[in-house]
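> My questions will all concern the structure given below.
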Amino acid sequence: MPESNSAEGSDRSEEQVSGAKVIAQALKTQDVEYMFGVVGIPVTEIALAAQELGIKYIGMRNEQAACYAASAVGYLTGRPGVCLVVSGPGLIHALGGMANANMNCWPLIVIGGSSERNQEAMGAFQEFPQVEACRLYTKFSARPSTIELIPFIIEKAVRSSIYGRPGACYIDIPADFVTLQANVTSIKYKECCMPPPVSMAETSAVCAAASVLRDAKQPLLIIGKGAAYSHAEDSIRKLVEQCSLPFLPTPMGKGVVPDNHPNCVGAARSRALQSADVIVLFGARLNWILHFGLPPRYQADVKFIQIDICAEELGNNVRPSVILLGDIDAVSKQLLEQFDKTPWQCPPDSQWWKTLREKMKSNEAISKELASQKSLPMNYYTVFYHVQEQLPRDSFIVSEGANTMDIGRTMLQNCLPRHRLDAGSFGTMGVGLGFAIAAALVAKDRSPGQRVICVEGDSAFGFSGMEVETICRYNLPIILLVVNNNGIYQGFDADTWEKMLHFQEAATTVPPMCLLPNSHYEQVMTAFGGKGYFVRTPEELQHSLRQALQDTSKPCLLNIMIEPQSTRKAQDFHWLTRSNM
């Protein structure tokens, strides 16, 4: 018997394993479920090895879209998705996704092939200083020096991506490592890293925050995507209802408390921000999205209570009255404890609530009037009114564009947390289809039956439109709505277009924001086997969307034509719309 064991041990000591398989096993050990990428030399074997272990590999048409998809998986699941890219240009294409993940604080792992070690500084194929280049866009960027170190580096990258403020990490894999063989007994896989530690705010600071809130006459809660990521929906909703507090979600904070909740004051956004005397920030940064917390968008003496997981974020742009460093859900529960001990409410019949309700009613009436217009082509409000009428309550909404995203945000409701993905903190165009693919995969595995509605401006669709083939290849029942105004911000109708081109060439005549009028984007979908609809009227929109929602077997694209000069309703403040056009 001892001789048999010795023989088995001897056999195992001679067993070899490739670098590709070590990478795949190390990722599997860290509970990585999804990998997106564009394969080629030298990373194809890594994708194949990952599939052998049950990691889902989704081949995309561009590294940028692959990186966007992987980062969205990180946000939706709390575990990083992996983006696999080839060396040099392949990695460069992924930098946009890495930067976007870091700016949005989403966990992401990028694995990039690189030139062989023995060819360094010789002008090797696609040679580039990749580790150094990625440091600007990541929390951690490293290259294992041996195959044996790969599991250590992968565990550290996964842990770094989810601990503290989440973000992107990069792992550089030399081409010769992929096929290089190592003794199987020399590889020591690291245990799956533990979930991120949950930190709580100082008790004295929590008491101070509760005291400031009790003294408020015009309180406001702002719910950011940090609250969504920390799964704080139950605690924040309880706080909202128990204290009768008005709340305003940021774009990806929508759904933490449902948009149709009576305490949601999204329709009175500007008035709420400008008039509040105490504002509690739940995982929301005072960046451009919230106008930096400064006048004239806010009162000069407004008091901020800032809750964030990242200490460096506290106090940016304004000095908070109270800072609460910790996990958003944990700190929300700490605040609830204070109001459980000594109940308090913002009076529902207060002048503050009356002011907000009046402004909401006024703004909603304007939007309703715009939505009810019968003229053709349709305007944005008419389109989104009819979409909202049929939108399933549990839908994932992915949105990008200019007016398409801004108006859609106000009219398309989210009722569940982590069910809205958009251009985010970085204002990134081109994310839409990658995000939609990620959401569809996560929905399929974790919440079967939930639909993904991807709402794109026609310009935004152009950034990653070829990912329609990816959607069809994996048969993801995504519904794409391309809101088509023939341009970036605004375009021209076909008659005006023809007149412009009659006397001069397009390069000197066509305004920079114009796109080809009446482009049939729905044919991109039908070319790959999905369903496409060319929509001009409310009746056609209702019919085609109803059919798309009923058919769960194929992806669909609705190309919705609107008035080329359609725009937003008049705004109290011109937010990102300063232009002389």
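Positions of Cβ are set from backbone N, Cα and C atoms, glycine also.
These came from Swiss-Prot, pasted as-is:
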- Ser4: phosphoserine (MOD_RES)
- Ser6: phosphoserine (MOD_RES)
- Glu63: thiamine diphosphate binding site (BINDING)
- Lys354: N6-succinyllysine (MOD_RES)
- Lys361: N6-succinyllysine (MOD_RES)
- Lys368: N6-succinyllysine (MOD_RES)
- 404-487: region 'Thiamine pyrophosphate binding' (REGION)
- Asp458, Asn485: Mg(2+) binding site (BINDING)
> Just to confirm: which same-chain residues, 6+ apart in sequence, have a Cβ under 8 Å from the Cβ of Glu63 (thiamine diphosphate binding site)?
Gly37, Val38, Cys83, Val85, Gly90, Leu91, His93, Ala94, Gly97
> Going by Cα-Cα distance, pick out whichever of the modified residues Lys354, Lys361, Lys368 is nearest to Asp458 (Mg(2+) binding site).
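The smallest Cα gap between Asp458 (Mg(2+) binding site) and any of the modified residues is with Lys368.
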> When you measure from the Cβ of Lys354 (N6-succinyllysine), which residues in the chain that are at least 6 apart have a Cβ under 8 Å away?
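Looking at Cβ-Cβ distances below 8 Å from Lys354 (N6-succinyllysine), excluding near sequence neighbours, one finds none.
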> Where Asn485 (Mg(2+) binding site) and Lys368 (N6-succinyllysine) are concerned, what is their Cα separation in Å, rounded?
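If we compare the Cα positions of Asn485 (Mg(2+) binding site) and Lys368 (N6-succinyllysine), the gap is 21 Å.
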> As a test of the contact definition, list every same-chain residue at least 6 positions from Lys368 (N6-succinyllysine) whose Cβ is closer than 8 Å to its Cβ.
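For Lys368 (N6-succinyllysine), the qualifying residues are Tyr385.
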> Around Asn485 (Mg(2+) binding site), how many other C-beta atoms are within 10 angstroms of its C-beta?
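That number is 31.
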> Which value does the mean pLDDT take for the region 'Thiamine pyrophosphate binding' (404-487) in this predicted structure?
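That region's mean pLDDT is 98.
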